[in-house]
Each structure stands twice: as C-alpha cells, then as structure tokens.
Amino acid sequence: MSYVTIDQVTKGYENQVVLNDISLVLKKGEFATLLGQSGCGKSTLLRSIAGLEDVDLGRILIDGKDITNLSPRQREVGMVFQSYALFPNMNVFDNIAYGLKMKKIKNIKSRVKKMIEMVDLIGKEESYPHQLSGGQQQRVALARALVMEPKVLLLDEPLSALDAKIRKNLQKELKRIQKELDITTIFVTHDQEEAMTMSDRIFVMNKGQVVQSGSPSEIYTSPVNTFVAKFIGNYNVCNMEAFRKLVRSTELKGNEVAIRPEVLQLVSVGEDSLDLQENWVIKGIIKDVSMTGNVLRYEVETEESVFLVDYLHHRGNMFEQGARVHILVPKKECIIL
Amino acid sequence: MKSSLTIHKVIVGLLVIYLLIPLVGTFLFSIAGKWDHTILPESYTMKWYIELFQDERFYDAFRRTLFLIVMSVGLSVVIMLPTIFIITVYFSKWEGLLQAVAMLPYGIPPIVGAVGLIKVYSDGPIQIAGTPWILIGAYFITILPFMYQGIRNSLRTLNAVQLVDAAELLGATKFQAFRTVVFPNIISGILVSTLLSVALLFSEFAFANLLVGGRFETLQIYLADKLNSSGHLTSAIVITYYSMILLLTGTVLKLTFRNEKYPVVSNKKRILSFFRKQYSHKNTTLEGEK
C-alpha cells in the first residue's frame, strides 16, 4: 500500500529542469534514500515534499491526501536540515517544544521530556545550541522534528557535517529511532555507503530523474547503466569492443561491461592454476597500490584500459608495484550494459 | 624586536596625542576663565556650562534634534526591517536592487540632495519644504545604508532563510517565524544600526541648515549660531555633544563586543542582562552613597 506518492513531478528554474517527471512510491514505515551527486535534484525533491519549493507539474500525496498546494505548516512532515537550523535564541527544551507551542498542543512538557530521553540528551535541556557538539545539535534537530509526530520524516544530508565516528554512531541511532517509531523516512545523501547502510530502498538520481530504484543489494549488484555502476560501487566499466579484444572473445554483446573490483582476482604470471572455464583472463601490470583501511586497491594497467581490483588487506594479498599479473574475471559477474 | 615595538608605541602615542589635543583644548577652553598668554588657562570656571544649561534655546534645540532623530530612525526601523526581511527571505533576486538603492545616498552630496528636495517639495501636492518633515525624509535616506547593512548582515549571519523554513515546518506562520525566531536573534544588529544612525544624525549639519535652517533650530544650527557669539560657550556645547556621542559609541561598542563574545546566545536575554547590569550598577552606587 503506497503511503507517499510522488506523481510525475517536474520543476525548473529559468529554463533549467531540476526535477524531470519524477514518480516514486513509498510504503508506510519505509526508510528510503534519494542518492545522487550534487545538483542532481535530490534536495529539491525533498524540499518540494516539505512544501519549501513549489512544483511546476505533478502531484505529491501523503497517506492518500494531495498536499501539492498546501503550505509547509499544513503538510504534517518533519524535516532535519543539513545545518540543523536550530533556533539560537532557544535552549534545547524550547527548540524541541517550539512546534508544539505553535500548534498549541497539550502535554508539551511530557512529550518533550520523552523525546529528550529518546535522543539521549538528558541533562542538556537548558543548553543553548552553541553549547552543544555537532552530534548533539543533530539530535536536537531530530527530536524537534519527531516530537510533532509527522507522517513523513525528511532528512536533508543530516550527517554530512559530522566526523566519521560520530556519523557512524548517528547512522545506527537514526535507524533505531526510525524503526522504533515506524516512521516513513526520506533521507537525502550523496554518500553511497551511508545510503547502503541505512536504507530499505534507494532511489538513485541523476540530472533530475530517478535512474534506478531498489534495495541496496539490488542497486549494488545489478546497476542498470554506466552512471549507477560508476557512482554506486567503483565498478570497472569497460567499452565492449575493448573488452572483447582483451578477453579474445566475440560472443559478448552490448555496449559496455561492468565488473565490481572485489570480484576480480590477481594471479602472478607463471602460475598455472587458471580456471579458464569460469573466468576470462586479462594480462596486466600493477600500476599503483593504495590502501583504504581494510581494503587494498590495485590499479592494473592492461592493453586497453585500467582495472581496479580490491582485496581485503592481509599479508597473502600483497603484489608489488610493476608486477606482471593475470586478472581473473568471473564470467558470471560481468554485467552487460 | 624591542626597538621596533618602541617605534610602534611612539607612533601610536603621537597619533593619540594628535587626535586628543583638539578635544583636550576644547574641553579646557570650555572650563577656562581667563586664557590669553599662557599654555594652560589662568583660571577655571563652570559658568559656560551653567550658561549653556540655563539657556532655554539649548534645550529646545536638543528636543528638536531628538524629535528628528527618533522620528527618522523609528521610521527607518519600521519600514526597513520588514522590507529587508521580506526581500532577503522571500525575494532574494531583488536583493541587488535593494542594495543599490540603499547605497545611493553615498553618491549624492548633501548640497545637491538638499537643493533637489527643496525644488521638489516647494510646490505641488506635498509642500513640506522648510518644515521638519522634509528633514525627517532626508534623514531617513541618509541613514539608509547603515540600517540596510546592519539588518542584512544580521539576517545573513543568522541564516534567516533556513530558520524561517524550519519554523514554518514546525507549524509557525510567516509572522510567527519572524517574531519568535528571526527578530530575537537580530535585535542586537538592529540596535547597533540604530545607535550608529543616531550618532550620525546628532552631528548632521548640512541638511539641517539647508532644508530648515533657523525655522527649526537643531543642536547643530544652535552650535553654528553660538560660534559667532562666544568661543567658550561653543566649546561647552561641543564637549556636551561629544559626551553624548561618546556615550552612544560606548554602548554600541559594548553591544558589538558582547555580540562577538557570545555569538548565538539569546539576544533578548543579552540586552536584558545588559540593562539589568546597568541598573544593578546604578543601584550599587546609590546604596554606596547612602
């Protein structure tokens, strides 16, 4: 059953289309992520749902009610901004209670207290925003949005200003609270790892359009085009003609082939144990080795292009720069685009 | 290193002396009895101040100046605050135009402006030439750059657009968002702009003299008139005037300094605590005196 419906929404600024005929449907309680590069329209779509931007065409429905032309205050959506947007003249309690006061809702004290407990800010009620850390400010912003019991929670890159460790913790917290309240959430980010970690469903956006949607696993393992393949997982995307030359095969069709770096294997030249039944084999030279914590990334130069090969970082996986290798490409893992 | 520091100190010292000598000289002249052939006055007296403070014309001039300032600055705040807020938050594409308009007074010399105003308002539907109302209009324009820059900078520093968005999403109307979130956070910016404008208008002479002159004698016109009668009295007026400006500047500086020190603390509370502090200080003095 659809809970949030974006129906053919289009928006433009001075001859430039920002949202191009976007349609998407979310179920109640779902955690959906709009993922894309800067300028792809994801924040504009979020702001359109919030009512902070008008749409030129299309409809937005929440729980069956058309909210396209309602003002932000009538939409029953909560939003957390990238820069938190806490009110500097109010302390934590007043910030969280603000919406309740505006709507003249009763039991303000108990509702705010409950929310402060939920976001783990007990003892900080009297603190002003400038006296809080970035993570604490984010919790206040979240509590301020949630205390209104919105039908939909909108999160506009709320974790991007935080350092890595706090971000990881808040990702878990956010997910926990979302599940606990069973609140439909739309999260905007340009960080694919964050999107994978948190989402039930991801909508990959490019140039004002949703180019692919699905579960994190579907998006990661089955990209539908070159953009998604490159954006979502550092895929090796190779021109089909060049790939045919490299693997000396004419049976492959399509325009391009995409292969994830972690499914490739490196074998030193001279080793005989090559499974030619299951794999293609490409000759190459290690051009560069870089380390991203637990992952070793090899750049292997071949006759036609450079391939990225990811290995878990342990002693047995070490290849020297300049070493001649064979790249084993599992046939099953080649995605034809 | 030490000698270069000494040179800096000497330069600063000389500059301070250069700037203070006229003031000190004026002050000494305002309390001098006889001062003809000596470096310092031969005798001291307060009679020029007594004479000044007993002159009804001085009080009248002061009242008129105050009236003009309160009207002009008040009008400016009432008109410019909502205008700048609305343009900044809802019609940002017009911001450039508003800025250009606000900066125009810098490009028009007072003499040109005054002649133009007299010509326009001498006849036609609004005949206000020679009345204080034309001066209020001219002052409104004169302080426009201060009011505009001060309020706009406060709004920008605050990120008012996003705060209004957040407040509206939480159920506030546009006016409620302005009243409860934006205004309390820019009040010290408004206050600083206001005090700067007041200080500027206190010393304004060109417009006052050309537009109304003796028909509505302001403090500056009174001062110019007294220049011809008694130098001592003029010095007393100048020192009184400087003291008032100093008081204003001190208040502005104090507020600005506190602003930098506590950038996001409630401005309402900040100003309240400022006045409370002044009040308690006054009380302490009174108790001490008892």
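Using the three backbone atoms N, Cα and C, a Cβ is placed for every residue, glycine included.
Same-chain residues lying 6+ beyond the ends of the transmembrane segment (B:12-32) with a Cβ under 8 Å from its Cβ atoms: 40-46, 48-49, 231-232, 235-236, 238-239, 242. The annotation transmembrane segment is assigned in TrEMBL to B:12-32 (among others).
The domain 'ABC transmembrane type-1' annotation in TrEMBL covers B:62-257.
According to TrEMBL, the feature transmembrane segment maps to B:66-91 (among others). Beyond the ends of the transmembrane segment (B:66-91), by six or more residues, the same chain brings 98, 132, 135-136, 139-140, 142-144, 147-148, 151-152, 155-156, 160-161, 164, 178, 182, 190, 194, 197-198, 201-202, 218 to within a C-beta distance below 8 angstroms of the stretch.
What TrEMBL lists as transmembrane segment is B:103-122 (among others).
Summarising the annotation, TrEMBL assigns transmembrane segment to B:128-148 (among others). Distant neighbours of the transmembrane segment (B:128-148): 64, 67-69, 71-73, 75-77, 79-80, 84, 98-99, 101-106, 113-114, 117-118, 121-122, 193-194, 196-197, 200-201, 204, 207-208, 211-212, 215-216; these residues of the same chain sit at least 6 beyond its ends, with a Cβ under 8 Å from one of its Cβ atoms.
TrEMBL lists B:186-212 (among others) with the feature transmembrane segment. Below 8 angstroms of C-beta separation, residues 65, 68-69, 72-73, 76-77, 81, 110-111, 113-115, 117-118, 129-132, 134-135, 138-139, 142-143, 146-147, 149-151, 153-155, 157-158, 160, 218-221, 224, 241, 244-245, 248-249, 251-252, 255-256, 258-259, 267-268, 270-271 of the same chain, each at least six residues beyond the ends of the transmembrane segment (B:186-212), sit close to that stretch.
Annotation source TrEMBL lists transmembrane segment at B:232-253 (among others).
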